[in-house]
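The structure appears below as structure tokens.
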Amino acid sequence: MLWTASQVFRKFSTSSHYYQKKLKLAIIGQSLFGQEVYSSLRKQGHKVVGVFTVPDKDGKADPLAVAAEKDGTPLFKFPRWRNKGQPLPEVVDAYKSVGAELNVMPFCSQFIPMNVIDHPKHGSIIYHPSILPLHRGASAINWTLIHGDEKAGFTVFWADDGLDTGPILLQRECAVEPDDTVDTLYNRFLFPEGIKAMVESVQLIADGKAPRIPQPEEGASYEGIQRKSNARVDLAQPAKAIHNWIRGHDKVPGAWALIGGQSVTFYGSSMLSGSVPAGQPLEIEGASQPGIISKNGLVLFGNDGKALLVKNLQFEDGKMIPASKYFSSGENSSVELTNEEKQMAEEIRNIWKAILSNVPAIVDTTDFFKSGAASMDVVRLVEEVKQKCAGVQLQNEDVYMATTFQDFIQIFVRKLRGEDQEEELTIDYATKEVNNMTVKMPYQCFINGKFEDAEDGKTYSTINPTDGSVICKVSYAAVGDVDRAVAAAKEAFDNGPWGRMNPRDRGSLLYKLKAAPGKPAFIDCTRVSAGRSKSLHRSAFQKKKNCSLAGMLADLMEEHQEELATIESIDSGAVYTLALKTHVGMSIQTFRYFAGWCDKIQGKTIPINQARPNRNLTFTKKEPLGVCAIVIPWNYPLMMLAWKSAACLAAGNTLVLKPAQVTPLTALKFAELSVKAGIPKGVINILPGSGGMVGQRLSDHPDIRKLGFTGSTPVGKQIMKSCALSNLKKVSLELGGKSPLIIFSDCDMDKAVRMGMSSVFFNKGENCIAAGRLFVEESIHDEYIRRVVEEIMKMKIGDPLDRSTDHGPQNHKAHLDKLLEYCEIGVKEGATLVYGGKQVDRPGFFMQPTVFTDVEDHMFIAKEESFGPVMVVSKFRNGDVDGVLQRANDTEYGLASGVFTRDINKAMYVSEQLEAGTVFVNTYNKTDVASPFGGFKQSGFGKDLGEDALSEYLKTKAVTVEY
């Protein structure tokens, strides 16, 4: 990221000791950038003996002039320094009178004479926003993007008599993001890092350390200034080149094309991945084919057949609209203002009056830009309005789309009331009358706060394992959908309210929020048709100052727990009572637990050796990672979502989640509830589909910083490899298991039988920590097996929605077939099939609870996980504690384990020796939201639940301050 003439520059610190040598400076330039450089240099102790800037424009002083005047710094506002190429003597004399030792020119649009440039002892340094000698000239940032450069940057160089040709002092660079514009590149890197670099450069000069490296002529380029007149888009070229041209002119001067004989300017360009959305054709002069006005914006086509998407359009009169509304007949009608809103409008009128000081009066038709406002005035307007009316979510774009005072007040009031269209959510439901209720199930991809079809329109059937019937068709996400979801999550993290939200407020969204009195948080206008309903909802994420956010994610899940449990039961086969208590109940507890952590995530202060005579303070900060991917299994669809998502969100990240292909419905219902709770758009994205497509793209995606996965060990290995090869993502893996359960003869037999059965048959055996192998001490082995079989014969197998059912269907047909094959292998290898081993003779995917004994260590069923209701029992010699421990640990897995004994010393010894992430003593399946969960060896690494889980979604930054 840093290129300097010598790597020695990085040795210098920014401590008070470093800044002992100071210079007398003349600041020659203008703009907010000039003001920040001026202020920063003064803070570092340099003496600014004069500021030379441009005259006032329309009665408004330049920001640099404002700062200098406030500080009492000698201030000069020269209209020009030369006349017909000759220096003006009175101007040069005024300059020389300040006695500067160095001229600092952060941004200067005037031609400065060489007898001024060379006059100070140390000469002059200039900031230029390109990696010289590339892009010399006045539109360097524009041309960086127009040419599609992969890197951007800036140069601080010594001024000479050429145009940006002087010797280099230092350079810095950054990567150009695919959708960067002039504004984003400048605001993200060139502006903040440029200020720091100018200050560093001055100090290097003061210390006699500044190099003068001649610019190479090889690779040098010069492009002319970009003006509106020469910014017309050539549409007869590849889509990427068109995209680069548009973003290279966004916002100034604006790339344009002729549509219907009128010049229309394009803003917000991005390359379109995947299929082209449907829409209405639009003829554009010079285009290889008509554009398309879609719901997402204007689609333009290059001559290579590829496409790009333009978000906003601006007409010749300055009016800007979303491109998707080009064919809309008329905008929203005016809203009637309340007395309180009229009072706010007058306060905003005063803000306009302060900014447009040259305008005698602000009337409804006053145009912000035609009255002389510039881009920095847009920022000031937005920030002042937001300061006056806390909570209203104005953006710079809103000013460009509502340029007159009247239009601006209208858009302000709509946002204040929460009536802006982005907050409307349309849901197509699949409805089903089941379990004495009507369940409403979203079935589309959930991306950026909206439910929508997969980009290619593909769907698949999700099956009810109770009878093999189709529940509904579900969207089958494609790679393009993944890219859009990740982009939405990245935007939400980088620029949305989630990233700026106070941690305590974030916890409130996850835990407890109160709805605005007298106002529904979520409007549902349902009409049922052919088994489906379509509803229009509005998010509770209200923007009004006195309007608290509606809903409560955990409480909403609790409010809908019967519906969630019913969906979980028909989609996964979970027994309803278990789904209600565990699948849904523990999910609610998990969100409440991690909501409480949001404002308790903190670093440490660390004592270190002092750098005498100075002192040091070192502390750490815990920061979110960014966009996280979560891939969950099919055995506990909602609970696995909660275990990972709650910690991820509590840490401040955004996420893209892929539910298991065979159990997507509770995840999509959760997405609906997240909107009700007021989670901002883009924070949560849900993509049903295949692991090979969606999961693989998430593993490969360069904008994802963490992937959490629960599933099989082979897939976990592939994910880990892909995450390493792509961008070294942080990874946490909860993988396969073959958890041993040791039952000693001194156990509580009743409890050991009851818990031993639960350890295997809980949730139909589809349980990651299920006891994959039981070791029973020889003296009690036969009695134990007899009692287990007696209890199995009492179990009721049947419809999971029947409250008296103990054992429901396996999750899907392929898994049932795998279990039957597993049992066949056990019999062939010589294990004794005591009970079960067959499919139940009824519709659906039901498997008999199964018990094998006489299982020897070399057998397949002794080593491999069944992930089903199969009890695998081996006996061990009486009193052979170390022998059974050796056998229990003789596995590549280490997820969980258990021991039953009344001897506390034996229990503690065994728990110490067992190689597993969790050890249960005289119990089993006892997980809790506060206790960390995760495995050893090939069962994976990283933790879900408890405080440890937060560390999986945080990074630690160490900060050392010298004072």
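Each residue, glycine too, has its Cβ placed from N, Cα and C.
Since we're looking at a predicted model, the values are computed, not measured.
Residues or ranges marked as (6R)-10-formyltetrahydrofolate binding site by TrEMBL: Q110, F111, I112, D164. Taken from TrEMBL, the feature active site, proton donor covers H128, C768. Marked as site 'Essential for catalytic activity' by TrEMBL: D164. Taken from TrEMBL, the feature NADP(+) binding site applies to 632-634, 658-661, 691-696, 711-712, K818, 865-867. The annotation active site, proton acceptor is assigned in TrEMBL to E734. Taken from TrEMBL, the feature active site applies to E734.
The structure, with features from TrEMBL marked on it.
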residue : record                                      : contacts (Cβ under 8 Å, 6+ apart)
Q110    : (6R)-10-formyltetrahydrofolate binding site : I28, V54, F78, R80, W81
F111    : (6R)-10-formyltetrahydrofolate binding site : R80, W81, R82
H128    : active site, proton donor                   : R136, A140, F154, T155, V156, F157, D164
I632    : NADP(+) binding site                        : M640, L641, K644, L657, K658, P659, A660, A667, T710
Q661    : NADP(+) binding site                        : Y460, W634, P688, G689, S690, G691
M693    : NADP(+) binding site                        : A477, A478, V479
Q696    : NADP(+) binding site                        : S722
E734    : active site, proton acceptor                : F709, T710, G711, C768, L895, F933, G934, G935, S939, G940, G942, D944
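Other than Q110, F111, I112, D164, the residues of this chain whose Cβ falls within 8 Å of the Cβ centroid of the (6R)-10-formyltetrahydrofolate site are, in sequence order, M105, C108, S109. Site extent for (6R)-10-formyltetrahydrofolate: the farthest pair of Cα atoms among Q110, F111, I112, D164 sits 14 Å apart. F867 (NADP(+) binding site) sits 78 Å from I112 ((6R)-10-formyltetrahydrofolate binding site), taking the CA atoms of both as reference points. Ranking the binding-site residues I112, K658 by how many Cβ atoms sit within 10 Å of each one's Cβ puts K658 at the top. Separation of the C-alpha atoms of I112 ((6R)-10-formyltetrahydrofolate binding site) and K818 (NADP(+) binding site): 81 Å, rounded to the nearest whole number.
In sequence order, G868 constitute the residues six or more apart from K818 (NADP(+) binding site) in its chain with CB-CB distances below 8 Å. Within 10 Å of the Cβ of D164 ((6R)-10-formyltetrahydrofolate binding site) there are 21 other Cβ atoms, across all protein chains.
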